[in-house]
Amino acid sequence: MNVALQELGAGSNMVEYKRATLRDEDAPETPVEGGASPDAMEVGKGASPFSPGPSPGMTPGTPRSSGLFWRVTCPHLRSISGLCSRTMVGFQKGTRQLLGSRTQLELVLAGASLLLAALLLGCLVALGVQYHRDPSHSTCLTEACIRVAGKILESLDRGVSPCEDFYQFSCGGWIRRNPLPDGRSRWNTFNSLWDQNQAILKHLLENTTFNSSSEAEQKTQRFYLSCLQVERIEELGAQPLRDLIEKIGGWNITGPWDQDNFMEVLKAVAGTYRATPFFTVYISADSKSSNSNVIQVDQSGLFLPSRDYYLNRTANEKVLTAYLDYMEELGMLLGGRPTSTREQMQQVLELEIQLANITVPQDQRRDEEKIYHKMSISELQALAPSMDWLEFLSFLLSPLELSDSEPVVVYGMDYLQQVSELINRTEPSILNNYLIWNLVQKTTSSLDRRFESAQEKLLETLYGTKKSCVPRWQTCISNTDDALGFALGSLFVKATFDRQSKEIAEGMISEIRTAFEEALGQLVWMDEKTRQAAKEKADAIYDMIGFPDFILEPKELDDVYDGYEISEDSFFQNMLNLYNFSAKVMADQLRKPPSRDQWSMTPQTVNAYYLPTKNEIVFPAGILQAPFYARNHPKALNFGGIGVVMGHELTHAFDDQGREYDKEGNLRPWWQNESLAAFRNHTACMEEQYNQYQVNGERLNGRQTLGENIADNGGLKAAYNAYKAWLRKHGEEQQLPAVGLTNHQLFFVGFAQVWCSVRTPESSHEGLVTDPHSPARFRVLGTLSNSRDFLRHFGCPVGSPMNPGQLCEVW
């Protein structure tokens, strides 16, 4: 197996350092497999990719995690701004119905929007005839400018003053025109764009003349079609999972089980099938020696999105009851008896509650210097003696030979010590039930409709999602993206990506980096030695744009998936093969150095990320399209869209976590004490600012969201300064027609409209307790109320809601 792929490990509770523009939970509630899954990987030339992508801001080596409810990375979406012309061709050609059915209200609103847009277009075209007679006129009347002006106008709410509530001013019209689609708990620009990308992929995979010279691309189509074989999946029912449970040694809930096989079951569940009971194990770059990979162990094992759901039992009584009902229903579908199944699942739930009690909250895990502990396997054995770590890790990383002296990095020593004690005092039958429950969670999305229906009931309680109307093909595209994401990316890039976009994006990154470094030179609170080291780090940031080159080389692409077998008539078996293959790929990484050219997101992903152990920023092809970027849009919109995303990722190198890493990607102290103290004073202001914001009466956690808030604020400033530098070099742009905004104002409106969003109250609560990003509304309000440039261009007086008087600035 010719692989150079790095296993990223996952787990919603892992230390979080891979910094993404948005959380993967902004993905849809399309069922994907398993709780916290370590099947996500980085991939580079000659490497083996799967379910890629970073969980929003996770630790070095943290991935997008495939969750039963949470797909960690890309959002599923539907665009308000349309696709660039080249992508639109790929989107429309030969396709049938590309999106799911809409509600009657949505259709009425869509019709009204089209009518208004047509009237606007007619007026603007008429104006265009007149204005084009005067070439000196400062209004842009190209077709692209007219279309984007219409999009902006229909998203605005002119009844609100921009100095009162800039989010409502920018997004009020969009919110009115975008009721939540059926089956979704949230809807935003990212979701919309991902839906469009999915429709492109559907067309490519269902093409009856599909004839690729790449075996990996052929595997991608076979995998996708096996997922679409609903009749075959229904015919098999629960039997594939029943057989698997029997093979492992049985499950007390459904029948006889081997009472003396804790280690064997743990090895099968966590090793062969890559579930994460109790803890997660993954291979990633050593934070203190980033040129080498090392075994890493972290806390894991909770099924619900956050420990809060287990511990605040009064507030979350409905969720816990729905979860227990879900557990019971799945146990019954697999052969459990009514009375005993609920009783035993209650015991499993109580065990998860005990795990939640010892799980360290996200906001207490932001300083990796404090939670990073490197030790040998023998020292790990002494710390957590409830299991044989050498036996377990040797099985997990077979055929590698390990010894007691093998180094391991542990994040959360107290957690592992306490989980070992918990295992020792828990009855063997409960341990077995919990382990098999982790396997059940991971695999049931590959089974028949009854399991999907059970999940939908839990989703409704947890996220406020009504009965799902997500078409099967969308679920299958997501699964294919998880399994063969870079082979799928090869198809996507060849069909849609404009190569010139890569060159233009590289130029924008350079401009934004220059603007950031110029601002760095003006900071009065930073000493010269630290400033010079920070400038060197900014200069050293490595950028990757669009896609990795190897995906367009058939032989190299085939090599990375060599050994992954695809059955044409068993989707369940294809998923099992994926878990097994990913385990082998993970083992292959330990003795190899990390590659700087590895990718952690597939090209079709609508997201971006910064990875501190490589000091790199990555922008997949999926996000390099409208509304973030379009070649024929005003520069104000491009800098306000993809420019702010670029600035955001670059600023992550200097947020409260990224700043701990040097230019080589190593975790070490490189700041002078006085500058570090000043940095903490500035971030304390921002933490307190965001602590004051509320959603439905519930406060934001300014500590949990600090890194993303720093990146949002720094990214906006860098992008705007880069735009001003562009204007100094090229001169003022023509203005858009009819919108009544200067181009400087347009920059800020373009930034805000990227974050237009709607979501259910339940989903909003889930975001507050799990997401390292602030809610969309406060990503706009919090950032702009700290921007002197915004306040000046919109004339917001001190004391107005958008200008409270005190500005919190870090970078």
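Note that Cβ sites are derived from N, Cα and C of the backbone, with glycine treated the same way.
Here the structure is a predicted model, which means the values were calculated and not measured.
Listed features, source Swiss-Prot:
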- 1-106: topological domain 'Cytoplasmic' (TOPO_DOM)
- 128-811: topological domain 'Lumenal' (TOPO_DOM)
- 139-811: domain 'Peptidase M13' (DOMAIN)
- Cys140-Cys145: disulfide bond (DISULFID)
- Cys163-Cys796: disulfide bond (DISULFID)
- Cys171-Cys756: disulfide bond (DISULFID)
- Asn207: N-linked glycosylation site (CARBOHYD)
- Asn211: N-linked glycosylation site (CARBOHYD)
- Cys227-Cys476: disulfide bond (DISULFID)
- Asn252: N-linked glycosylation site (CARBOHYD)
- Asn312: N-linked glycosylation site (CARBOHYD)
- Asn357: N-linked glycosylation site (CARBOHYD)
- Asn424: N-linked glycosylation site (CARBOHYD)
- Asn580: N-linked glycosylation site (CARBOHYD)
- His648, His652, Glu708: Zn(2+) binding site (BINDING)
- Glu649: active site (ACT_SITE)
- Asn673: N-linked glycosylation site (CARBOHYD)
- Asn681: N-linked glycosylation site (CARBOHYD)
- Cys685-Cys808: disulfide bond (DISULFID)
- Asp712: active site, proton donor (ACT_SITE)
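Swiss-Prot feature annotations superimposed on the structure.
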residue: Cys163; record: disulfide bond; DSSP class: coil
residue: Cys171; record: disulfide bond; DSSP class: helix
residue: Cys227; record: disulfide bond; DSSP class: helix
residue: Asn424; record: N-linked glycosylation site; DSSP class: helix
residue: Asn580; record: N-linked glycosylation site; DSSP class: helix
residue: His648; record: Zn(2+) binding site; DSSP class: helix
residue: Asn673; record: N-linked glycosylation site; DSSP class: helix
residue: Asp712; record: active site, proton donor; DSSP class: helix
residue: Cys808; record: disulfide bond; DSSP class: coil
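Residue environment of Asn673 (N-linked glycosylation site) contains 10 other Cβ atoms, counted within 10 Å of its Cβ in all protein chains. Nearest by CA distance to Asn580 (N-linked glycosylation site), out of the recorded positions Cys145, Asn357, His648, Asp712, Cys796, is Asn357. Scoring each of the disulfide-bonded residues (Cys140, Cys145, Cys163, Cys756) by how many neighbouring Cβ atoms lie within 10 Å, the top position goes to Cys756. The two recorded residues Cys140 (disulfide bond) and the residue listed as 'active site, proton donor' have their Cα atoms spaced 30 Å from each other.
The disulfide-bonded residues Cys171, Cys685, Cys796 differ in how many other CB atoms lie within 10 Å of their CB, and the one with the most is Cys171. The shortest Cα-Cα distance between Asn211 (N-linked glycosylation site) and any of the recorded positions Asn357, Asn424, Cys476, His652 is the one to Cys476. On the backbone, the CA of His652 (Zn(2+) binding site) and the CA of Cys796 (disulfide bond) stand 29 Å apart. Of all the glycosylation sites listed here (Asn211, Asn252, Asn312, Asn424, Asn580), the one with the fewest other CB atoms within 10 A of its own CB is Asn211. Note: the Cα of Cys756 (disulfide bond) and the Cα of Asp712 (active site, proton donor) are spaced 15 Å from each other. For Cys808 (disulfide bond), the nearest neighbour among the listed glycosylation sites (Asn252, Asn312, Asn357), judged by C-alpha distance, is Asn312. Among the recorded positions listed here, namely Cys171, Asn207, Asp712, Cys796, Asp712 has its C-alpha nearest to that of His648 (Zn(2+) binding site). Cα spacing between Asn312 (N-linked glycosylation site) and Asn357 (N-linked glycosylation site): 11 Å, rounded to the nearest whole number.
Around Asn357 (N-linked glycosylation site), the C-beta neighbours below 8 angstroms that are at least 6 residues distant in the chain are Arg307, Tyr310, Leu311.
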